Amino acid sequence: MCHGKIAPKSSSEFVVTSVGHGVFLQLVILCALLGDGLASVCPLPPEPENGGYICHPRPCKDPLTAGSVIEYLCAEGYMLKGDYKYLTCKNGEWTPAMEVSCHLIEDKETHALGVPALSIVASTASSVALILLLVVLFVLLQPKLKSFHHSRREQGVSGDQVSIMVDGVQVALPSYEEAVYGSSGHCMPPADPRVQIVLSEGSAPSGRNMPREQQLQGQEACSSAGGEDEAPGHSGLCEAWGSQGSETVMVHQATTSSWVAGSGSSRPTHKDTADSENSDIQSLLSLTSEEYTDDIPLLKEA
């Protein structure tokens, strides 16, 4: 203090003092920052065998400070043990604390793939067995089917009647012969009886065998057709044929007897006999003409 006044300090001392305080403050701040930084840095995370980790956000910083997040991954064919796979750096430690490891998953895949494989093999085997069974059944039943078809065809050709059900009523279908030849079947219709009468009347003794031959031919036709199954009207027509043949023979015999009677009418000793024969001939002619007229509608109906 000089003359009652405070003497000022020197400027050099003030500068040194202020610099010393500033440096000390900076050192304290730096130490605090370094301490916090060292305390927030986490060590490298454990890396599992057959696996690794990635950082979020990428890329990984060095060092890994607080707030850094890592995700664990496993190699192909391996799976991470546990469901949680993320670790976070807090206060220099990784949380949550857990053991990270990767293990094989081939056993599970083999077991999972084994069931579909077995089902595929079983379905294939069953389908092949079914196809073989169908082939065997077809081979065994083919002869029976052929014989059944052949028998049905023979029934259709031979003329056996086949019936069907129409509204609960059994209706008989016509056979092949009935559909083609009518109800007469194979029996051929006889010749016109009037022509036979004319031939028998105009024929000489040399024509006596003609009606009998025609009758034999008609009987042979009826006998050949009688061996097969026929319609009900077939036998009736053949009987009419036989009756007409016999009537023709009778007419022929009557005409021949009339011819003999005419040649001997000049004899006076047999006059009464000739008259009786002429009356018999007239009755026979009238009878045969009536019967032939009755038979003609029958032929038209056939």
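The chain as shown is numbered from 1 upward.
Backbone N, Cα and C define each Cβ position, glycine as well.
As given in Swiss-Prot:
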SIGNAL    1-39  signal peptide
DOMAIN    40-104  domain 'Sushi'
DISULFID  Cys42-Cys89  disulfide bond
DISULFID  Cys74-Cys102  disulfide bond
TRANSMEM  120-140  transmembrane segment
REGION    202-241  region 'Disordered'
COMPBIAS  212-222  compositional bias 'Polar residues'
REGION    256-302  region 'Disordered'
COMPBIAS  256-267  compositional bias 'Polar residues'
COMPBIAS  279-290  compositional bias 'Polar residues'
Including all protein chains shown, what's the count of other C-beta atoms within 10 A of the C-beta of Cys102 (disulfide bond)?
19
DSSP three-state assignment for Cys74 (disulfide bond):
strand
